[in-house]
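Trainee: What follows is a structure written as C-alpha coordinates; I'll ask about it next.
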Amino acid sequence: MFIDLTPEQRQLQAEIRQYFSNLISPDERTEMEKDRHGPAYRAVIRRMGRDGRLGVGWPKEFGGLGFGPIEQQIFVNEAHRADVPLPAVTLQTVGPTLQAHGSELQKKKFLPAILAGEAHFAIGYTEPEAGTDLASLRTTAVRDGDHYIVNGQKVFTTGAHDADYIWLACRTDPNAAKHKGISILIVDTKDPGYSWTPIILADGAHHTNATYYNDVRVPVDMLVGKENDGWRLITTQLNNERVMLGPAGRFASIYDRVHAWASVPGGNGVTPIDHDDVKRALGEIRAIWRINELLNWQVASAGEDINMADAAATKVFGTERVQRAGRLAEEIVGKYGNPAEPDTAELLRWLDAQTKRNLVITFGGGVNEVMREMIAASGLKVPRVPR
(Lines of atoms letter the chains of each structure in order from A and count residues from 1; the text may use other names and numbers.)
(Lines give C-alpha, C1' and ligand atoms only; values in the text may rest on other atoms or scores of the structure.)
Protein backbone atom coordinates (compact mmCIF):
# COMPACT_ATOMS: atom_id res chain seq x y z
CA MET A 1 0.00 0.00 0.00
CA PHE A 2 1.28 3.48 -0.89
CA ILE A 3 0.29 6.00 1.75
CA ASP A 4 0.35 9.66 0.84
CA LEU A 5 -1.52 12.92 1.23
CA THR A 6 -4.75 13.63 -0.63
CA PRO A 7 -4.81 16.45 -3.23
CA GLU A 8 -6.60 18.65 -0.68
CA GLN A 9 -3.93 17.96 1.92
CA ARG A 10 -1.22 18.69 -0.64
CA GLN A 11 -2.86 22.03 -1.34
CA LEU A 12 -2.99 22.84 2.37
CA GLN A 13 0.66 21.83 2.70
CA ALA A 14 1.65 24.19 -0.13
CA GLU A 15 -0.33 27.06 1.39
CA ILE A 16 1.23 26.57 4.82
CA ARG A 17 4.73 26.25 3.33
CA GLN A 18 4.29 29.52 1.49
CA TYR A 19 2.95 31.21 4.61
CA PHE A 20 5.89 30.13 6.77
CA SER A 21 8.46 31.06 4.11
CA ASN A 22 8.31 34.78 4.94
CA LEU A 23 6.69 34.83 8.37
CA ILE A 24 9.80 35.70 10.41
CA SER A 25 12.08 38.70 9.92
CA PRO A 26 15.89 38.28 10.04
CA ASP A 27 16.04 40.25 13.31
CA GLU A 28 13.41 38.02 14.92
CA ARG A 29 15.25 34.89 13.79
CA THR A 30 18.52 36.17 15.26
CA GLU A 31 16.87 36.98 18.60
CA MET A 32 15.19 33.57 18.81
CA GLU A 33 18.51 31.78 18.37
CA LYS A 34 19.35 32.85 21.92
CA ASP A 35 15.89 32.95 23.48
CA ARG A 36 13.23 30.77 21.91
CA HIS A 37 10.56 32.15 24.26
CA GLY A 38 11.20 35.92 24.34
CA PRO A 39 9.55 39.00 22.78
CA ALA A 40 10.34 37.98 19.19
CA TYR A 41 8.76 34.58 19.77
CA ARG A 42 5.68 36.22 21.28
CA ALA A 43 5.35 38.53 18.28
CA VAL A 44 5.58 35.64 15.81
CA ILE A 45 2.94 33.59 17.65
CA ARG A 46 0.56 36.56 17.88
CA ARG A 47 1.02 37.07 14.14
CA MET A 48 0.01 33.47 13.51
CA GLY A 49 -2.97 33.95 15.81
CA ARG A 50 -4.13 37.07 13.97
CA ASP A 51 -3.78 35.22 10.68
CA GLY A 52 -5.96 32.37 11.97
CA ARG A 53 -3.22 29.77 11.50
CA LEU A 54 -2.94 28.25 14.97
CA GLY A 55 -6.16 26.23 14.99
CA VAL A 56 -5.55 23.94 12.02
CA GLY A 57 -6.23 20.72 13.92
CA TRP A 58 -8.69 22.07 16.50
CA PRO A 59 -12.44 21.33 16.23
CA LYS A 60 -14.60 24.20 15.00
CA GLU A 61 -16.59 24.16 18.23
CA PHE A 62 -13.45 25.39 20.01
CA GLY A 63 -12.59 28.02 17.41
CA GLY A 64 -10.36 25.87 15.22
CA LEU A 65 -10.43 25.23 11.48
CA GLY A 66 -11.83 21.74 11.94
CA PHE A 67 -9.17 19.77 10.10
CA GLY A 68 -8.00 16.39 11.36
CA PRO A 69 -4.80 15.13 12.98
CA ILE A 70 -3.03 14.59 9.65
CA GLU A 71 -3.55 18.25 8.73
CA GLN A 72 -2.25 19.21 12.17
CA GLN A 73 0.89 17.16 11.46
CA ILE A 74 1.26 18.95 8.12
CA PHE A 75 1.14 22.29 9.95
CA VAL A 76 3.72 21.21 12.52
CA ASN A 77 6.03 19.64 9.94
CA GLU A 78 6.03 22.72 7.74
CA ALA A 79 6.77 24.95 10.74
CA HIS A 80 9.81 22.85 11.64
CA ARG A 81 10.86 22.67 8.01
CA ALA A 82 10.95 26.49 7.91
CA ASP A 83 12.51 26.67 11.41
CA VAL A 84 9.46 28.54 12.70
CA PRO A 85 8.83 28.11 16.45
CA LEU A 86 5.42 26.96 17.62
CA PRO A 87 3.71 27.11 21.03
CA ALA A 88 3.77 23.33 20.80
CA VAL A 89 3.03 22.45 24.42
CA THR A 90 0.24 25.02 24.61
CA LEU A 91 -1.30 24.31 21.23
CA GLN A 92 -0.87 20.56 20.86
CA THR A 93 -1.03 19.20 24.39
CA VAL A 94 -2.59 21.65 26.88
CA GLY A 95 -5.26 22.86 24.46
CA PRO A 96 -6.55 19.41 23.45
CA THR A 97 -6.46 18.22 27.08
CA LEU A 98 -8.54 21.22 28.15
CA GLN A 99 -10.99 20.51 25.32
CA ALA A 100 -11.50 17.00 26.69
CA HIS A 101 -11.24 17.53 30.44
CA GLY A 102 -11.43 21.26 31.21
CA SER A 103 -14.38 23.00 32.85
CA GLU A 104 -16.55 25.37 30.84
CA LEU A 105 -14.90 28.29 32.63
CA GLN A 106 -11.44 27.01 31.69
CA LYS A 107 -12.41 26.41 28.08
CA LYS A 108 -13.86 29.91 27.79
CA LYS A 109 -10.86 31.53 29.49
CA PHE A 110 -7.98 29.72 27.81
CA LEU A 111 -8.95 28.24 24.43
CA PRO A 112 -9.66 31.52 22.57
CA ALA A 113 -6.52 33.07 24.08
CA ILE A 114 -4.40 30.13 22.92
CA LEU A 115 -5.70 30.43 19.36
CA ALA A 116 -5.03 34.17 19.43
CA GLY A 117 -1.43 33.52 20.42
CA GLU A 118 -1.95 35.38 23.68
CA ALA A 119 -1.80 32.57 26.27
CA HIS A 120 1.36 30.52 26.75
CA PHE A 121 1.72 27.50 29.02
CA ALA A 122 4.73 25.63 30.38
CA ILE A 123 4.60 22.09 31.77
CA GLY A 124 5.59 21.69 35.43
CA TYR A 125 6.18 17.96 35.95
CA THR A 126 9.84 17.02 36.47
CA GLU A 127 11.36 17.52 39.93
CA PRO A 128 14.99 17.44 41.11
CA GLU A 129 14.46 14.37 43.32
CA ALA A 130 12.02 12.51 41.07
CA GLY A 131 13.35 12.91 37.53
CA THR A 132 11.29 10.93 35.04
CA ASP A 133 9.49 9.09 37.84
CA LEU A 134 6.66 11.60 37.85
CA ALA A 135 4.58 9.63 40.34
CA SER A 136 7.24 10.37 42.99
CA LEU A 137 6.73 14.13 42.78
CA ARG A 138 6.74 16.09 46.05
CA THR A 139 5.25 19.47 45.14
CA THR A 140 2.17 19.86 47.33
CA ALA A 141 -1.15 21.61 46.94
CA VAL A 142 -3.15 22.02 50.15
CA ARG A 143 -6.78 23.18 50.06
CA ASP A 144 -7.38 26.47 51.87
CA GLY A 145 -10.95 27.64 51.37
CA ASP A 146 -11.44 28.50 47.71
CA HIS A 147 -7.72 28.21 46.92
CA TYR A 148 -4.93 25.66 46.88
CA ILE A 149 -1.62 26.63 48.50
CA VAL A 150 1.24 25.25 46.40
CA ASN A 151 4.79 24.65 47.59
CA GLY A 152 7.61 22.87 45.81
CA GLN A 153 10.12 22.96 42.99
CA LYS A 154 10.25 21.80 39.38
CA VAL A 155 13.15 21.50 36.97
CA PHE A 156 13.48 21.57 33.16
CA THR A 157 10.30 23.64 32.85
CA THR A 158 10.65 24.72 29.24
CA GLY A 159 9.45 28.23 28.49
CA ALA A 160 8.59 28.96 32.12
CA HIS A 161 10.48 32.27 32.05
CA ASP A 162 7.98 33.68 29.57
CA ALA A 163 4.87 31.57 30.21
CA ASP A 164 1.58 33.05 31.40
CA TYR A 165 0.60 29.81 33.13
CA ILE A 166 2.18 26.62 34.42
CA TRP A 167 0.34 23.33 33.89
CA LEU A 168 1.42 22.00 37.27
CA ALA A 169 1.33 18.47 38.65
CA CYS A 170 0.92 18.56 42.45
CA ARG A 171 0.34 16.08 45.22
CA THR A 172 -3.08 16.79 46.73
CA ASP A 173 -3.40 13.60 48.81
CA PRO A 174 -0.15 12.61 50.55
CA ASN A 175 -1.75 9.43 51.92
CA ALA A 176 -2.91 8.00 48.59
CA ALA A 177 -0.92 5.62 46.39
CA LYS A 178 1.65 7.67 44.54
CA HIS A 179 -0.19 7.55 41.20
CA LYS A 180 -3.54 8.34 42.84
CA GLY A 181 -2.94 11.49 44.87
CA ILE A 182 -1.91 13.82 42.04
CA SER A 183 -3.87 16.75 40.59
CA ILE A 184 -3.30 19.23 37.77
CA LEU A 185 -3.52 22.93 38.61
CA ILE A 186 -3.17 25.93 36.31
CA VAL A 187 -0.78 28.34 38.04
CA ASP A 188 -0.74 32.02 37.08
CA THR A 189 2.91 33.05 36.79
CA LYS A 190 2.04 36.53 38.05
CA ASP A 191 1.59 35.10 41.56
CA PRO A 192 4.29 36.61 43.83
CA GLY A 193 5.22 33.17 45.14
CA TYR A 194 6.27 31.94 41.70
CA SER A 195 9.86 32.35 40.49
CA TRP A 196 12.36 30.76 38.12
CA THR A 197 16.07 30.52 37.36
CA PRO A 198 17.44 29.82 33.87
CA ILE A 199 19.06 26.59 32.68
CA ILE A 200 21.24 27.17 29.61
CA LEU A 201 21.58 24.06 27.48
CA ALA A 202 24.14 22.79 24.97
CA ASP A 203 23.03 25.09 22.17
CA GLY A 204 23.69 28.17 24.32
CA ALA A 205 20.04 29.24 24.21
CA HIS A 206 17.62 29.83 27.06
CA HIS A 207 14.84 27.26 26.65
CA THR A 208 14.24 25.83 30.07
CA ASN A 209 14.30 26.64 33.77
CA ALA A 210 14.07 25.57 37.36
CA THR A 211 10.80 26.87 38.84
CA TYR A 212 9.87 27.53 42.46
CA TYR A 213 6.48 27.68 44.19
CA ASN A 214 6.42 29.37 47.59
CA ASP A 215 2.89 29.56 49.01
CA VAL A 216 1.48 30.13 45.53
CA ARG A 217 -2.29 30.59 45.70
CA VAL A 218 -4.30 28.85 42.97
CA PRO A 219 -8.09 29.29 42.78
CA VAL A 220 -10.01 26.04 43.10
CA ASP A 221 -11.61 26.65 39.71
CA MET A 222 -8.13 26.27 38.18
CA LEU A 223 -8.14 22.57 39.08
CA VAL A 224 -8.29 20.63 35.80
CA GLY A 225 -10.59 17.62 35.98
CA LYS A 226 -11.12 16.01 39.37
CA GLU A 227 -8.92 16.27 42.43
CA ASN A 228 -6.48 13.34 42.71
CA ASP A 229 -7.25 12.28 39.13
CA GLY A 230 -4.32 14.09 37.56
CA TRP A 231 -2.38 11.01 36.49
CA ARG A 232 -4.85 10.37 33.67
CA LEU A 233 -4.39 13.93 32.42
CA ILE A 234 -0.61 13.63 32.64
CA THR A 235 -0.56 10.51 30.48
CA THR A 236 -2.91 12.10 27.93
CA GLN A 237 -0.79 15.25 27.74
CA LEU A 238 2.49 13.34 27.55
CA ASN A 239 1.29 11.02 24.78
CA ASN A 240 0.47 14.09 22.68
CA GLU A 241 3.80 15.71 23.59
CA ARG A 242 5.81 12.64 22.59
CA VAL A 243 4.32 12.62 19.10
CA MET A 244 5.13 16.30 18.58
CA LEU A 245 8.79 15.94 19.67
CA GLY A 246 9.85 14.10 16.52
CA PRO A 247 8.10 15.83 13.61
CA ALA A 248 9.31 14.98 10.13
CA GLY A 249 9.88 18.67 9.47
CA ARG A 250 13.08 18.49 11.52
CA PHE A 251 14.50 16.04 8.98
CA ALA A 252 13.11 18.02 6.05
CA SER A 253 14.85 21.17 7.26
CA ILE A 254 18.23 19.42 7.41
CA TYR A 255 17.72 17.72 4.05
CA ASP A 256 16.58 20.88 2.25
CA ARG A 257 19.53 22.98 3.37
CA VAL A 258 22.23 20.38 2.85
CA HIS A 259 20.83 19.23 -0.51
CA ALA A 260 20.72 22.84 -1.76
CA TRP A 261 24.31 23.42 -0.59
CA ALA A 262 25.56 20.14 -2.08
CA SER A 263 24.00 20.90 -5.47
CA VAL A 264 26.13 24.03 -6.05
CA PRO A 265 29.84 23.91 -7.00
CA GLY A 266 32.17 25.11 -4.25
CA GLY A 267 35.10 27.47 -4.61
CA ASN A 268 37.24 24.58 -5.82
CA GLY A 269 34.78 23.84 -8.61
CA VAL A 270 33.64 20.54 -7.05
CA THR A 271 29.91 19.87 -6.68
CA PRO A 272 29.52 17.79 -3.48
CA ILE A 273 26.46 15.89 -4.65
CA ASP A 274 28.51 14.32 -7.43
CA HIS A 275 30.19 12.15 -4.79
CA ASP A 276 28.60 8.78 -3.97
CA ASP A 277 28.96 9.18 -0.19
CA VAL A 278 27.07 12.49 -0.33
CA LYS A 279 24.28 10.85 -2.33
CA ARG A 280 24.13 7.99 0.18
CA ALA A 281 23.98 10.36 3.16
CA LEU A 282 21.25 12.49 1.61
CA GLY A 283 19.35 9.37 0.60
CA GLU A 284 19.44 8.05 4.15
CA ILE A 285 18.25 11.38 5.57
CA ARG A 286 15.39 11.44 3.05
CA ALA A 287 14.42 7.85 3.89
CA ILE A 288 14.41 8.54 7.64
CA TRP A 289 12.33 11.65 7.00
CA ARG A 290 9.73 9.62 5.10
CA ILE A 291 9.59 6.83 7.71
CA ASN A 292 9.16 9.36 10.49
CA GLU A 293 6.44 11.14 8.55
CA LEU A 294 4.47 7.91 8.19
CA LEU A 295 4.92 7.05 11.87
CA ASN A 296 3.66 10.49 12.88
CA TRP A 297 0.61 10.19 10.64
CA GLN A 298 -0.20 6.74 12.00
CA VAL A 299 0.03 7.71 15.66
CA ALA A 300 -1.57 11.14 15.30
CA SER A 301 -4.57 9.68 13.46
CA ALA A 302 -5.48 7.74 16.62
CA GLY A 303 -6.61 11.01 18.22
CA GLU A 304 -7.74 10.59 21.83
CA ASP A 305 -7.19 6.83 21.53
CA ILE A 306 -3.45 7.25 21.04
CA ASN A 307 -1.54 4.21 22.30
CA MET A 308 1.12 4.85 24.94
CA ALA A 309 3.63 2.45 23.36
CA ASP A 310 3.08 3.88 19.87
CA ALA A 311 3.58 7.44 21.13
CA ALA A 312 6.76 6.38 22.93
CA ALA A 313 8.07 4.52 19.87
CA THR A 314 7.47 7.52 17.65
CA LYS A 315 9.29 9.73 20.12
CA VAL A 316 12.30 7.42 20.40
CA PHE A 317 12.61 6.94 16.63
CA GLY A 318 12.23 10.62 15.76
CA THR A 319 14.47 12.08 18.45
CA GLU A 320 17.29 9.57 17.94
CA ARG A 321 17.21 9.47 14.16
CA VAL A 322 17.32 13.24 13.92
CA GLN A 323 20.63 13.01 15.79
CA ARG A 324 21.92 10.67 13.10
CA ALA A 325 20.62 12.92 10.33
CA GLY A 326 22.49 15.84 11.86
CA ARG A 327 25.72 13.85 12.13
CA LEU A 328 25.48 12.66 8.52
CA ALA A 329 24.92 16.23 7.35
CA GLU A 330 27.83 17.61 9.36
CA GLU A 331 30.14 14.89 8.07
CA ILE A 332 29.54 15.61 4.39
CA VAL A 333 29.58 19.39 4.77
CA GLY A 334 32.77 19.16 6.83
CA LYS A 335 34.38 16.81 4.31
CA TYR A 336 33.51 18.62 1.10
CA GLY A 337 32.94 22.18 2.26
CA ASN A 338 35.35 25.03 2.88
CA PRO A 339 34.56 26.86 6.14
CA ALA A 340 36.24 29.94 4.69
CA GLU A 341 33.32 30.25 2.27
CA PRO A 342 30.42 32.18 3.86
CA ASP A 343 27.65 29.80 2.74
CA THR A 344 29.48 26.76 4.07
CA ALA A 345 30.38 28.49 7.33
CA GLU A 346 26.76 29.52 7.88
CA LEU A 347 25.49 26.01 7.14
CA LEU A 348 27.99 24.46 9.56
CA ARG A 349 26.96 26.96 12.24
CA TRP A 350 23.28 26.18 11.66
CA LEU A 351 23.84 22.41 11.70
CA ASP A 352 25.80 22.66 14.94
CA ALA A 353 22.98 24.63 16.58
CA GLN A 354 20.35 22.19 15.30
CA THR A 355 22.27 19.14 16.49
CA LYS A 356 22.65 20.60 19.98
CA ARG A 357 19.02 21.73 20.11
CA ASN A 358 17.76 18.35 18.90
CA LEU A 359 19.74 16.62 21.63
CA VAL A 360 17.43 18.23 24.20
CA ILE A 361 14.32 16.51 22.84
CA THR A 362 15.73 13.06 23.63
CA PHE A 363 14.77 13.68 27.26
CA GLY A 364 11.81 16.02 26.74
CA GLY A 365 8.52 14.23 27.42
CA GLY A 366 10.41 11.45 29.22
CA VAL A 367 13.95 10.18 28.63
CA ASN A 368 14.30 7.60 25.89
CA GLU A 369 15.50 4.89 28.29
CA VAL A 370 12.16 5.11 30.08
CA MET A 371 10.36 5.27 26.72
CA ARG A 372 11.93 1.92 25.81
CA GLU A 373 10.63 0.41 29.04
CA MET A 374 7.15 1.70 28.18
CA ILE A 375 7.35 0.21 24.69
CA ALA A 376 8.40 -3.14 26.15
CA ALA A 377 5.85 -3.22 28.97
CA SER A 378 2.84 -1.60 27.30
CA GLY A 379 3.42 -2.55 23.68
CA LEU A 380 5.21 -5.91 23.86
CA LYS A 381 3.81 -7.02 27.26
CA VAL A 382 7.31 -7.74 28.58
CA PRO A 383 7.58 -7.71 32.41
CA ARG A 384 8.76 -4.40 33.82
CA VAL A 385 12.32 -4.01 35.03
CA PRO A 386 12.50 -4.41 38.84
CA ARG A 387 13.36 -1.17 40.65
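Each residue, glycine too, has its Cβ placed from N, Cα and C.
Found this in Swiss-Prot, in case it helps:
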BINDING   I123, G124, Y125, T126, T132, T158, V367, N368, E369  FAD binding site
ACT_SITE  E241  active site, proton acceptor
Trainee: I'd like the number of other C-beta atoms within 10 A of the C-beta of I123 (FAD binding site), please.
Mentor: 26
Trainee: I'd like the Cβ neighbour count for Y125 (FAD binding site), meaning other Cβ atoms within 10 Å of its Cβ, all protein chains included.
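Mentor: If we count other Cβ atoms within 10 Å of Y125 (FAD binding site), we arrive at 24.
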